[in-house]
Structures are given as C-alpha cells and as structure tokens.
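Listed in Swiss-Prot:
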- 186: active site, thioimidate intermediate (ACT_SITE)
- 108-131, 216-239: NADP(+) binding site (BINDING)
- 181, 183: K(+) binding site (BINDING)
C-alpha cells in the first residue's frame, strides 16, 4: 500500500484566470482544429467535441444533428449492421466524416465492427470503449485493431494515468479516452472506490500522450460549457460529452410521463437499465456501476450545441486565445472554493 500526497483536482476545484486580450468579439475566435493522427496518418478538421457512445446520447439522429456544427458523435455499439447500412444510405459524406464507430473487445464486437467499416470508406474513426482500460486483454485488442485497420483513427479507453496512456498509444491508439468515474450517471467511484479527479487526469495524460505524438479526449465530468473550456485548458485535444447532450429529441432515450409531464430516461452504460436492455440483466458476479435518471425533455440539441460553442468562444476571449488550439497555452488555473453565486439556484 502507498499514498500519493499531492492533491488531485476536478473541474469544480478551479477557475480560469482572465488575461489581457486583443480580441474585439467572440466571433473572432476559431473553434475548428486540424489534426493529423499519429498511427492512421489521417487528417481531420472540425470542432473537437464528441457526443458520448451511450445509447441515450450517441445515436444516428445525434450524429446527423451535430455534424452541422462540425462536432463528432461516437455512435453507440448496439446498432445492427443493417441499421448502420440504412443510416449510411441516408447520410451525406459530411455527416459520415463526423462519425465514430464504437466497439467493445469481444471477438463478436471485432467482427461486427469489421462489417460496419467495410460498408463505407468514409467511416474513418473507431472508438474502442471499455470501463477499465488497464487490462492486458484491452491493450492486445487495441494492437489487433491497429493491425486490422492501419488507416483508421483509433480512439481507445478509458484510463486516467500517464503510463497507461503511453501504453495504449504505443499499442496503436491515436487518441486515448481519459476518465474513470466522473460521468453524471456513473457510480464506479462509489461502488469500487476507484477513480481519479478529471482535471488532474486530463493534465497528466495530455502530458504523457503529447510526448509520444498521441492525443487525448477528456471523457466525463463536464456539467457546464465552462467545464468544457477547463478540459481544453488542461490540455485535452477532444472533449466527450454525455449528460450535457442527454434528454434531447435526438438522444434516443425512452420517454416516460409522470403527472402530465414528459421525461426522458438517461442511464450509464454499466447501469442495471443498460445491462437489462442489452445483455439480459446484471451478471451475478458483478455490480451495476451506473444509475438511471429522468430528465425533463430539452428539445432539439442544436440549442445546447450553440450554448456550448458560445461558452467556449467566450472563454477564449477572456484569456486572449484567438483559436481553440491556443486555449491551453493561455490557461492559468486558480484553485477556488466556490464556482458561482447560488442564491437563486432553487427558484
């Protein structure tokens, strides 16, 4: 047993210190970034935000809606090959370039992903997703995927420490997904005692990944556009959002009605709800590590997307960053004990 004494921080523990700026307007800020990925050699340009690969967020409808904002969607892994074919037939090349194909690590997952990728060469992203990215089996699967799809951009996770981030990049991942337990409907930290405050995880993993020419995506923990700005300020190349994009018309959750008001169900992918839906229930050897919540219907996702992008532009103007790429170089975090005046929060 050992204890690390240095304090680890989440997004709620800091604010970004304002700095002098020559920008005259938020409209002067360029949010689009251009990337060339280490292993695939592929280039991509767009706004580096990703809708999470949850079946109540990462839907085909969400992908179509967010593509118009130049935002990526990691489409969840529970669509059939036939459903993928129908989506591809009805989607433009511009939509498909904003899509990630998600997969687990079983042999069946691998074969299904291969079939999906063979449907259209415009599908250039693969998101290999497990709750615990520290297993040797996962690393081997990433290497297998890289060998099978040398020109596809592979995003793999989740991990929260630099050494594992390096391991995944060396095994073939272009982007490492960072985050264990920070999600709004994730209970891993409560059920297992395992986790890592998200901002510190982002800072440390970004440092490790960038040293090898890789990239990271901060996955989880964002509750406001300000948190998205903090993730980019901490060094994240991409930011993945789940709860912030849930509850919309495009989110795909089941709608329930209580006392005349409609709600949409949103649940973690390790929750009892998810496991009942996709694998018949919670296996006797494990515990559910997610929860189910009812969200008031939030309308089209376009309004939320505009709010997030507007907040990002404003954050950049406060620190004098004319491009999103400059935000991390212009960011100084200050530790705080409060984030906002909450006097009217319950009204």
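Cβ coordinates are placed from backbone N, Cα and C, and glycine is handled just like the others.
Features recorded in Swiss-Prot, as mapped to the structure shown.
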{"residue": "108", "record": "NADP(+) binding site", "contacts (Cβ under 8 Å, 6+ apart)": "none"}
{"residue": "114", "record": "NADP(+) binding site", "contacts (Cβ under 8 Å, 6+ apart)": "148"}
{"residue": "120", "record": "NADP(+) binding site", "contacts (Cβ under 8 Å, 6+ apart)": "88, 96"}
{"residue": "126", "record": "NADP(+) binding site", "contacts (Cβ under 8 Å, 6+ apart)": "100, 101, 102, 103, 113, 117, 145, 149, 152, 153, 154, 155"}
{"residue": "181", "record": "K(+) binding site", "contacts (Cβ under 8 Å, 6+ apart)": "188, 189, 194, 195, 196, 220"}
{"residue": "222", "record": "NADP(+) binding site", "contacts (Cβ under 8 Å, 6+ apart)": "11, 228, 231, 239, 241, 243, 244"}
{"residue": "234", "record": "NADP(+) binding site", "contacts (Cβ under 8 Å, 6+ apart)": "199, 202, 203, 206, 218, 328, 331, 333"}
What Cα-Cα separation, expressed in whole Å, is found between the residue listed as 'active site, thioimidate intermediate' and residue 216 (NADP(+) binding site)?
20
Between the recorded positions 186, 216, 228, whose Cβ has more other Cβ atoms within 10 Å than any of the rest?
216
Have a look around residue 183 (K(+) binding site) and count the other CB atoms within 10 A of its CB, chains all included.
27
